[in-house]
Amino acid sequence: MKQTVQVDLWEIERSCKARGYRLICGADEAGAGPLAGPVYAGAVILPEGLVLEGLNDSKKVTPKRRDRLFEEIQEKAVAWAVASVDEKEIDAINILNARMKAMELAIQALKPAPDYALIDGNRDNGITIAHETVVKGDGRSANIAAASILAKVSRDRYMEEMARIYPEYEFERHKGYGTKRHFELLMKYGPCPIHRKSFLKKLEFAQSND
């Protein structure tokens with residue numbers, strides 16, 4: 001019988017506190033992989049030891065629970081911020097740089113400012129404050145998990161707004177990701193202004209449609 005191991009989401013933060021850091025934020029992004037729309041990032045400083053029921057990697061939480069956590073994080077956080085980098089800038093600087101820029105922008109927007117950041121993943125180019133990277137951090141750090149929720153919900157809501165502007169692409173269903181249905185609609189209509197040309201250039205949808 002498989003046992004579920006309970007992860008201590010505050011272990012990494014406690015280690016940072018022991019090294020003398022006071023305000024520790026987590027940062028994560030959402031939307032690196034889609035064919036359309038911006039990449040979003042969240043940055044959060046939670047009160048030390050705060051337990052939020054169901055807080056985990058945003059991809060593992062139900063949409064309904066994500067929405068509740070989104071509101072709860074904003075209410076209880078010491079500081080939180082969301083930032084985005086749009087599809088045109090993604091095309092200009094590439095998605096790896098865009099996701100790091102979004103995280104840096106979110107971190108810089110935090111008031112009070114953190115003195116240390118936990119960055120989800122294994123890349124840290126462009127992060128200007130003291131920091132460390134945490135692989136699979138959205139399942140290991142409370143602050144990164146909270147940042148993941150803010151980024152995911154914010155981006156999903158933005159793509160739902162885009163669905164009203166470009167209803168033929170059904171962005172409310174797939175949020176810009178490369179699903180079978182999204183590819184079918186691209187085949188039918190070609191790209192719209194929020195599609196990432198750099199993501200489509202190897203496909204047959206790369207013609208300009210601005």
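First residue shown is number 1, and so on along the chain.
Glycine too: its Cβ is placed from the backbone N, Cα and C atoms.
Heads up, TrEMBL stuff is auto-annotated, nobody curated it.
What TrEMBL lists as divalent metal cation binding site is ASP28, GLU29, ASP120. GLU29 (divalent metal cation binding site) counts 28 other C-beta atoms within 10 Å of its own C-beta, drawing on all protein chains shown.
According to TrEMBL, the feature domain 'RNase H type-2' maps to 22-210.
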Shell of the divalent metal cation site beyond ASP28, GLU29, ASP120, same chain only (C-beta within 8 angstroms of their C-beta centre):
ALA27, ALA30, ALA41, GLY42, ARG99, MET103, ILE119, GLY121, GLY137, ASP138, ILE144, ALA147, SER148, ALA151
Per-residue Cβ crowding (10 Å cut-off), top of binding-site residues ASP28, ASP120:
ASP28
In this predicted model, what is the average pLDDT of the domain 'RNase H type-2' (22-210)?
94
